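Participant: Just dropping this structure here.
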Amino acid sequence: MSPPRKLHIKSYGCQMNVYDAQRMVDALAPEGFVETANVDDADLVILNTCHIREKASEKVYSELGRLRVARDEAANHGRRMQIAVAGCVAQAEGAEIIRRAPVVDVVVGPQSYHNLPQLLAKAEQHGRALETEFPIEDKFGVLPQPAPDAIRARGISAFVTVQEGCDKFCTFCVVPYTRGAEMSRPVAAIVEDVKRLAENGVREVTLIGQNVNAYHGDGPDRLAWSLGRLVRRLAEIPGIVRLRYSTSHPNDVNDDLLAAHRDLPALMPFVHLPVQSGSDRILAAMNRKHTADDYRRVIDRFRLASEAIAFSSDFIVGFPGETERDFSATLALVAQIGYAGAYSFKYSPRPGTPAADMAEMVPAAVMDERLEQLQQLIDQQQSAFNKAAIGRTVEVLFERAGRKPGQIVGRTAYLQPAHVMAPDSIIGKVLPVRVDSLERYSLLGELASATSRPADAMAATGA
């Protein structure tokens with residue numbers, strides 16, 4: 001029997017890439033690959049790339065330079081290391097990657113991960129393999145399912161892709177070009193995925209997509225289901241106690257989703273709703289197709305559905321042409337909404353996007369100053385949100401052992417890390433925790449009760 005081949009995947013960027021990395025592991029497991037955390041031991045290294053942030057391509061080529069050294073060292077010991085570039089940089093640059101970095105054996109776009117075994121074999125025979133087309137077949141229908149042991153090893157929380165691609169064409173964003181048009185998976189396939197996860201110990205599922213609330217998958221009644229209707233079906237699955245979704249677009253929030261937040265205890269009251277700017281002028285230049293007031297009204301609709309809902313968001317400072325007045329409008333929006341957390345970034349041009357050709361680039365020093373000012377406000381809001389938990393009892397889903405002996409770590413409904421001293425038998429359970437103090441962004445406390453119910457019992461009762 002041949003010894004297993006070792007696989008190392010380095011993922012950059014979004015939650016979708018984390019999910020994609022797991023599916024690549026699943027696709028390669030039948031070929032005898034097992035994961036390793038040590039890149040130097042790997043027979044195959046995959047860089048699972050992201051094209052959203054600044055200098056994404058340069059980071060990939062820098063990493064490939066380091067891998068060339070590791071590959072040469074492996075060859076000196078009589079071992080062949082294959083190198084693959086996957087993800088959105090692979091989709092955007094294709095053959096250019098092989099031209100600039102001959103060390104690369106395989107370049108594969110996000111829609112073709114199910115073909116990885118064949119691409120690796122092709123590279124073994126012919127030296128290189130490239131696949132960045134958008135194939136007709138649904139990759140989700142042909143990717144192997146993870147083995148039960150693999151599911152259990154990944155913990156009690158899992159991602160499930162329900163939607164991929166984007167039709168919004170924001171002027172700063174490459175996603176429509178690298179992930180393609182919006183595609184929604186059938187309801188039945190998603191239900192089967194989540195059932196399989198629940199049967200193997202998963203208690204929390206995050207539904208992911210580039211524009212997840214645009215979900216419109218075919219249901220068993222042959223009608224297109226909304227995200228809200230899908231969530232209702234998934235909440236019925238025994239064992240699933242928490243459901244989340246990310247990332248959303250304000251224009252696709254509908255009554256079905258709001259009603260699900262109103263009615264379903266399993267749907268967590270924490271919504272990531274990017275807005276990018278508080279200036280109507282900049283929002284128009286970004287092609288967001290909504291105004292700041294439109295966004296405020298969406299927030300109000302969520303809060304009417306459930307007073308418990310809190311929000312996070314994404315912001316870009318220094319978009320071409322952004323003035324001090326535009327930036328002040330962003331600060332005003334943040335101050336008015338009050339976020340539990342948010343991500344802020346300096347604008348960086350993505351080749352091939354309309355914004356990359358816009359004039360009036362904001363000076364780097366101005367962007368730095370605005371980013372610092374915005375992040376200070378966001379940090380203040382996040383700190384206030386976390387401090388409000390002190391003295392309260394909150395529900396925590398416990399996930400794993402902590403760094404300290406006897407410490408168990410879980411997360412609240414708002415994704416705040418929570419630490420208690422307790423036996424590891426509480427992992428997989430939702431328990432009340434009395435919060436005593438904070439340590440940076442984590443809540444510290446004690447179990448509020450010695451009695452508990454496992455997460456699957458809570459899911460079944462709707463608690």
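Note that Cβ sites are derived from N, Cα and C of the backbone, with glycine treated the same way.
On a predicted model such as this, the values are computed, not experimentally measured, just so you know.
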Participant: Looking at [4Fe-4S] cluster 1 binding as recorded in Swiss-Prot, which candidate out of C50, C166 goes with C14, C88?
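Facilitator: Among the candidates, Swiss-Prot records only C50 at this [4Fe-4S] cluster 1 site.
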Participant: Using DSSP, how many residues in the domain 'TRAM' (387-449) fall into helix, strand and coil?
Facilitator: 4 helix, 36 strand, 23 coil
Participant: What is the set of residues, excluding C166, C170, C173, whose C-beta falls within 8 angstroms of the centroid of the C-beta atoms at the [4Fe-4S] cluster 2 site?
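Facilitator: Close Cβ neighbours, site residues excluded: K168, F169, F172, V174, V175, P176, Q210.
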Participant: Using an 8 Å cut-off from the Cβ centroid of C14, C50, C88, can you name the remaining same-chain residues around the [4Fe-4S] cluster 1 site, in sequence order?
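Facilitator: Output for this site, in sequence order: Y12, G13, M16, N17, T49, H51, I52, A56, G87, T178.
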Participant: Compute the C-alpha separation of C166 ([4Fe-4S] cluster 2 binding site) from C88 ([4Fe-4S] cluster 1 binding site), stating it in Å without decimals.
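Facilitator: Checking the Cα atoms of C166 ([4Fe-4S] cluster 2 binding site) and C88 ([4Fe-4S] cluster 1 binding site) gives a distance of 13 Å.
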Participant: List, in sequence order, the same-chain residues at least six positions removed whose CB sits under 8 Å from that of C170 ([4Fe-4S] cluster 2 binding site)?
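Facilitator: Within the chain, C170 ([4Fe-4S] cluster 2 binding site) has Cβ neighbours under 8 Å at Q276, M286, N287, R288.
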Participant: Select the most exposed residue of C14, C88, where exposure means the fewest other Cβ atoms within 10 Å, treating these as the binding-site residues.
Facilitator: C14
Participant: If one measures from the C-alpha of C88 ([4Fe-4S] cluster 1 binding site) to the C-alpha of C173 ([4Fe-4S] cluster 2 binding site), what distance in angstrom results, rounded to a whole number?
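Facilitator: Given the Cα positions, C88 ([4Fe-4S] cluster 1 binding site) is 12 Å from C173 ([4Fe-4S] cluster 2 binding site).
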Participant: Quick one: what's DSSP say for C166 ([4Fe-4S] cluster 2 binding site), helix, strand or coil?
Facilitator: coil
